[in-house]
């Protein structure tokens, strides 16, 4: 790697500032990325990473500051200009036309003329070249929706390379990948680096930064707090830079002491609205005082499992709580009856389900429990009582700002999650269903949320945890089940398994369990 | 942080929108060679300058309060009920049935039962679209507007073939009996020594409409049902999570909405017409949409917006009567107000939000 001083950086940002109203999303940010390196940008949600990259890709215009590409001052008013400057972006949510072929997606927006045939032929040729050069094998004639998520991502990378990108920006690229797919992605990125491409990797996963990047910049509250050589830092050091204080990356917990079985599930099946079977005959049990973690790549039926347990959808099979059957199909199969049976549910998507974003915090505290007699006074709701209850909950769960009249959407992700957790945990449930407890939550709040979950377990409650973050599964679970394609691939003891084995199970491969 | 203070959102935005509509209307009036200042004077004089004018303004406003509330309640459940017109027509039928075929000793009893009957008929007319929306996903906008046509046809049939008195050439019911005639504002205010025009149609229904505003406020913001309606309106997936049945809320919200629209009939049919005629609703069901939009679906906002539209209606009628400004142009002016306060809301809101943010940054 050549980083001699006479080589100009592939990208240099000087004093970039951007404000949205009173919110300073980027404050005087300067950064130098040398060609042929992988540069990580890490920071909590809302630290301003995405804003910075959107400025670089021409989606936003910076209030102040300059952009230099290969030493030349460049104006990037829109994404066309970014592409012309050799910048390619792979978004977290792919921008692909699902019912087009790979080839059609690649030329979309980069057609040479009104007729498609010459463009397609040219793209086919360069696709073969790119595939052999970087190890990016994709069938050019496959329909995108039939490809795996990992392959769809490759199409996105190919799209950028086809447009002659020398600088590739990847926004949270591993969020939807299995560990094995992520490994493949990083192999490809290494190949690209060897061929002289410059890569910017945006992530909140410390491990990815440590494993793959050459240099890393840390962002906090819109500011660039540090840029360091990856080899000279440590995960704990980075976490401290991100949050501004020391962080416990490991949850403190004593071994579980499981007691009686609280939740029993037998041969549970869920068919979605399109008639596709999403949960295919699952059986499991959760005991009082233990956390059962369900690992798996997003979209393998975990969400549907949680929803049917939480009474949002119907299914077939048997669910027993404290030995009593729960009605899965009848009229009583809704969230209200579940709550009455001692089941609390922190849903995966707090913005769509767990909260009404336009409701104030106190209205959200009553959400789902709005029929609680304590919240009524005659035919009216006892708003004063709900507000008082909310104030207490906000204090105990350290919600900031502790203002019950603030609208939910004006809280940060971590504080929104705390509002949901306070509501569900303080109901003292026998069983807590909890999905993606720390998705979009800042590291400081993750610590707190994990502690609350473990504390609930230690009170002898049963907890079913669904998470796509393997680190979180390992940190919290007393037993791990892996879900793939609507089925459970098996149970593992977290002390006796590793990421490699779970990763294989998440891809549907089960090794023979040692007897 | 909120983008701008609540008072600016509730007061400043509609006032600026109104001003813009007024300026544009003035330009139109100038363009046809009339004097806009004189026109405004005439409108104000005609609608607010006498108790006669007030009587008409408030009469129209009463209609718009009911239909505005109807649209507002449905809005809270994120449904666009544009069937207020048809529901109000059916409400008229409900009033006529009660007044014609039952003997009443006193107007007050008749009013109570006519109100209930009007609400029941209006709600019934909203039920099928609501049920189809909830169970089959048929879009409420399409079904309610189709039900407006069906209501008109149904009323036409009933008035011509069933309810028309023998020998009458007029497709209308017989006059309602004397004991069902509602006291006008003149009758109500006279004992207090306040002189109010005898000819104006504003009547005791206005008080029912104001009570309805208060009741809707409590329903939406203070009751559990209102909580569930608002939660469902903001997020259907959230409602499902909380165990709120989308089917139930869709149907119940539409029944309340249809009931409110139907209740309008105690004003125009029982209070003013004193018999049921064709097209007695005069488009009030549609004005209700604009009233609800401008009133931000808040009962107090609906109350104010209803009075504003009452003023536009009565003032417009005066203009048509006394100037060469054609009747069609009055409709244009009303449309401009609807356009600016309803459809072009963001045109005023967004620059205003920016302005407030700039000032706030200055403070910080």
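Backbone N, Cα and C atoms are what each Cβ position is placed from, and that goes for glycine too.
According to TrEMBL, the features are:
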TRANSMEM  B:12-33  transmembrane segment
TRANSMEM  B:53-75  transmembrane segment
TRANSMEM  B:87-104  transmembrane segment
TRANSMEM  B:110-128  transmembrane segment
TRANSMEM  B:140-160  transmembrane segment
TRANSMEM  B:199-220  transmembrane segment
TRANSMEM  B:241-264  transmembrane segment
TRANSMEM  B:302-323  transmembrane segment
TRANSMEM  B:329-348  transmembrane segment
> So which of B:87-104, B:110-128, B:241-264 has the most C-beta pairs under 8 Å when paired with the transmembrane segment (B:140-160)?
Replying inline: B:87-104
> Would the transmembrane segment (B:53-75) count as touching the transmembrane segment (B:199-220), i.e. at least 3 C-beta pairs under 8 angstroms with sequence separation of 6+?
Replying inline: yes
> Top stretch among B:53-75, B:87-104, B:241-264 for CB pairs under 8 A with the transmembrane segment (B:302-323)?
Replying inline: B:53-75
> Where else in the chain does the transmembrane segment (B:12-33) make close Cβ contacts, counting only residues six or more beyond its ends and a cut-off under 8 Å?
Replying inline: 39-40, 294, 305, 308, 325, 329, 332-333, 336-337, 339-341, 344-345, 348-349, 352
